[in-house]
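Asks: Have a look at this one before I ask anything.
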Amino acid sequence: MAGWNEAAVRRALRLYFIAGSVNCSSPLDVLRAAIEGGATMFQYREKGAGALEGKAKLALGMQLRDCCREAGIPFIVNDDIELAIALDADGIHVGQEDAPAGDIRRLVGAGRIVGVSAHTVEEARQAIADGADYLGIGPIFPTSSKDDARAVQGTRLLEELRNAGIALPLVAIGGLTADNAAIAIRSGADGVSVISAVAAAPSPRLAVRQLLAAVASALQGR
Ligand code: TPS
């Protein structure tokens, strides 16, 4: 199994696209376009009203996984440990409401990426102690893509974590677009994670390109 060291994870977080069948009518087409645009990582998140279950969830996951494999970008499964293992995913992302990160790390072993959503410095420290490879920090701005999203927190936590000396790869999420991505990067994020800015864009390929350009120039100026 591929080894994902910290530098590789940090690079992959630059433009982390998340989607499932609830976010767009053809996730596979949108993923292909996002990869053409330069997406560096993908999370299969099959959640919300009308989300696929069982065999249909697995079947779409296989297609999306194969697409990521072909492109050489990490394929991450949201929340569902059984699915992550069934799909031989490169990793899994869990929130604070999901299984504890320590349990997830024990179940998936050292070879897979474990990502954890954190909303406070305490949650971040716990996730790191539990063996997280990266943290998802947000929502930075208001989001309509997550029903149970926490309160908007701006860039405060990103700054707090970096000021506290936490060096783990961090990805910003929540309402991010090409117009505001630079703020998150300047505040300490290694990249941005998006659903709607790409999944609902007229051209997902162009949306990714514009996001990447914003991230790259903000990283340079840091
Ligand atoms: C890496 N999460 C927080 S806000 C949000 C999601 C799915 C919606 C963003 O949509 N960090 C990572 N993965 C996750 N699944 C979460 C956090 C949870 P939009 O870009 O449309 O605002």
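Keep in mind that glycine also has a Cβ here, set from the backbone N, Cα and C atoms.
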Asks: Given that TrEMBL annotates Gln43, Tyr44, Arg45, Glu46, Lys47, Asn78, Ser117 as binding 4-amino-2-methyl-5-(diphosphooxymethyl)pyrimidine, state which candidate in Lys55, Lys146 belongs to that site as well.
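Replies: Given Gln43, Tyr44, Arg45, Glu46, Lys47, Asn78, Ser117 bind 4-amino-2-methyl-5-(diphosphooxymethyl)pyrimidine in TrEMBL, the matching entry from Lys55, Lys146 is Lys146.
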Asks: If you count other Cβ atoms within 10 Å of each one's Cβ, which of the binding-site residues Glu46, Asp79 has the most?
Replies: Glu46
Asks: What Cα-Cα separation, expressed in whole Å, is found between Gln43 (4-amino-2-methyl-5-(diphosphooxymethyl)pyrimidine binding site) and Asp98 (Mg(2+) binding site)?
Replies: 16
Asks: State the count of C-beta atoms found within 10 angstroms of the C-beta of Ser117 (4-amino-2-methyl-5-(diphosphooxymethyl)pyrimidine binding site), not counting that atom itself.
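Replies: 24, counting other Cβ atoms within 10 Å of Ser117 (4-amino-2-methyl-5-(diphosphooxymethyl)pyrimidine binding site).
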Asks: Since the record lists Arg45, Lys146 as binding-site residues, which of them has the fewest other Cβ atoms within 10 Å of its Cβ?
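Replies: Looking at the binding-site residues Arg45, Lys146, the Cβ with the fewest others within 10 Å is that of Lys146.
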